[in-house]
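A.B. asks: To start, I am sharing the structure in question, which I have written as structure tokens.
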Amino acid sequence: MNKNSSNIMALTANTSNKRETVCIFGTGDFGRALGHKLIQSGYPVVYGSRSTQISNLIPKDAEVLGHAEAAQKAAIIIIAIQRQHYNFLTPLAEVLRGKVLVDISNNLKLNQYPESNAEYLAQLLPGSKVVKGFNTVSAWALQSGTLDASRQVFVCGDDMEAKQMVMNIVRALGLTPLDKGSLLAAQEIENYPLQLFPMWKFPILLSFGLTAFFFFYCLALDVIYTYIYENNNFSFFIAITIPNRVCPVMALILLALVYLPGIFAAIIQLYRGTKYRRFPDWLDKWMLCRKQLGLIALAFASLHVVFTLVTPLRAFVRWRSSKGVIAQALNNKTEPLNNTDAWLSDSYLALGILGYFLFVLLGITSLPSVSNNVNWREFRFVQSKLGYLALILCTAHTLVYGGKWFLSPSAYKWYLPNIYILSLIVPCAVLVVKFVLIFPCVDKPLTQIRQGWERNPKYSE
């Protein structure tokens with residue numbers, strides 16, 4: 001009777017300033033780091049261990065006892081051990097009855113077991129209240145004060161009161177708890193740390209594929225063609241010239257691909273006459289990775305800026321400039337300034353600078369620390385309105401620079417268009433369709449559909 005009463009009292013909200021004692025089973029890296037952080041936050045900590053000898057690695061203000069004795073001193077027990085060692089908890093079932101057990105374990109691979117580790121723990125100890133949490137936080141993050149790591153902690157469990165107690169501890173540690181629901185969500189939470197950039201897979205593969213295509217395309221036209229037909233060895237173009245052509249092309253195309261799924265979504269909604277039907281899976285996945293596509297595009301744009309800035313340092317550029325000066329001196333003739341070329345040069349540079357400025361602004365506002373401090377309207381204004389303006393400026397930058405090759409027969413080596421001509425296909429298509437979509441006759445019904453209006457309500461799903 002007394003034991004049950006003490007457990008019930010331990011589970012009630014702590015109204016005093018004193019923190020409740022937390023027990024940790026396991027003295028590994030994470031168990032020690034978590035204990036140290038709990039002590040810093042004002043929690044008395046007791047470790048349950050096979051060896052009750054106090055080690056220098058254990059936080060000095062923590063107590064070390066046997067498992068059963070340590071469990072009796074706390075209502076919340078953090079299980080900081082791996083699943084294969086859970087069997088030692090079975091003899092402690094009576095001591096752990098009514099206690100809150102926080103499972104923090106992870107596996108070595110996705111879906112390693114039929115059930116999650118937390119569900120397995122709940123099966124071993126049906127009298128305990130199992131909560132999944134802390135498995136997405138590393139020992140290093142706790143030791144560094146979480147300043148350089150994610151502050152989110154996913155929490156799930158079947159007992160609401162027990163889950164709330166764990167979430168209170170998460171908040172006390174300066175972290176942000178995120179309630180993922182019942183213990184059935186534990187499998188998803190355990191798989192999360194094992195995923196290697198899940199939202200980056202498609203953008204990275206697409207970027208690698210397009211980069212390889214454009215690199216070999218330029219290699220064929222600028223190096224191989226020149227060597228075969230003009231007997232000039234420009235193989236050194238591989239180091240600077242070709243990358244400085246591929247990078248701006250990739251930046252422009254990827255930026256256009258950020259806004260292309262929104263165009264597809266608008267067309268599909270206009271065609272269906274409703275917003276209450278799911279988009280195709282490929283479009284859903286595409287829209288979810290737009291942020292990653294945009295950041296990769298910004299990386300390519302930044303590389304283009306760096307490559308352009310080092311261009312005057314290249315031996316080839318210095319040789320070509322001195323050759324032009326010597327040719328004018330030998331001919332005793334100074335080439336007059338071509339105002340048209342001067343205007344085009346300054347214009348494409350100005351457009352590039354403005355476009356890159358907006359590009360950087362888009363990247364900054366996509367950071368969680370910035371986006372969390374602006375409201376939805378401000379975020380949408382930057383990402384949509386200024387985003388399209390950035391696309392217009394970057395497209396104009398490319399048009400002004402590479403437009404001269406459209407009508408030049410010499411630019412079509414092996415009857416293939418210049419790389420800058422190819423780079424304009426997707427962004428120009430996006431801008432033309434977007435221009436059509438903002439016409440009042442198209443924009444008005446689209447806005448009504450997005451506000452809930454349906455053309456044929458009986459067909460909605």
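A Cβ is built for glycine as well, from the same backbone N, Cα and C atoms used for every other residue.
Automated prediction, rather than curation, is the source of TrEMBL annotations.
For reference, TrEMBL lists these features for the protein:
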DOMAIN    21-107  domain 'Pyrroline-5-carboxylate reductase catalytic N-terminal'
DOMAIN    249-394  domain 'Ferric oxidoreductase'
TRANSMEM  204-229  transmembrane segment
TRANSMEM  249-271  transmembrane segment
TRANSMEM  292-313  transmembrane segment
TRANSMEM  347-365  transmembrane segment
TRANSMEM  386-407  transmembrane segment
TRANSMEM  419-442  transmembrane segment
A.B. asks: State the residues, same chain only, that lie 6 or more residues beyond the ends of the transmembrane segment (204-229) and have a CB under 8 A from a CB inside it; answer 'none' if no residue qualifies.
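C.D. replies: Sequence-remote neighbours of the transmembrane segment (204-229) are 197, 235, 237-238, 241-243, 245-246, 249-250, 253-254, 257, 292-293, 296, 300, 413-414, 416, 418-419, 422.
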A.B. asks: Could you give the mean pLDDT over the domain 'Pyrroline-5-carboxylate reductase catalytic N-terminal' (21-107), rounded to a whole number?
C.D. replies: 88
A.B. asks: In the domain 'Pyrroline-5-carboxylate reductase catalytic N-terminal' (21-107), how many residues does DSSP assign to helix, to strand and to coil?
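C.D. replies: Final tally across the stretch: 32 helix, 19 strand, 36 coil.
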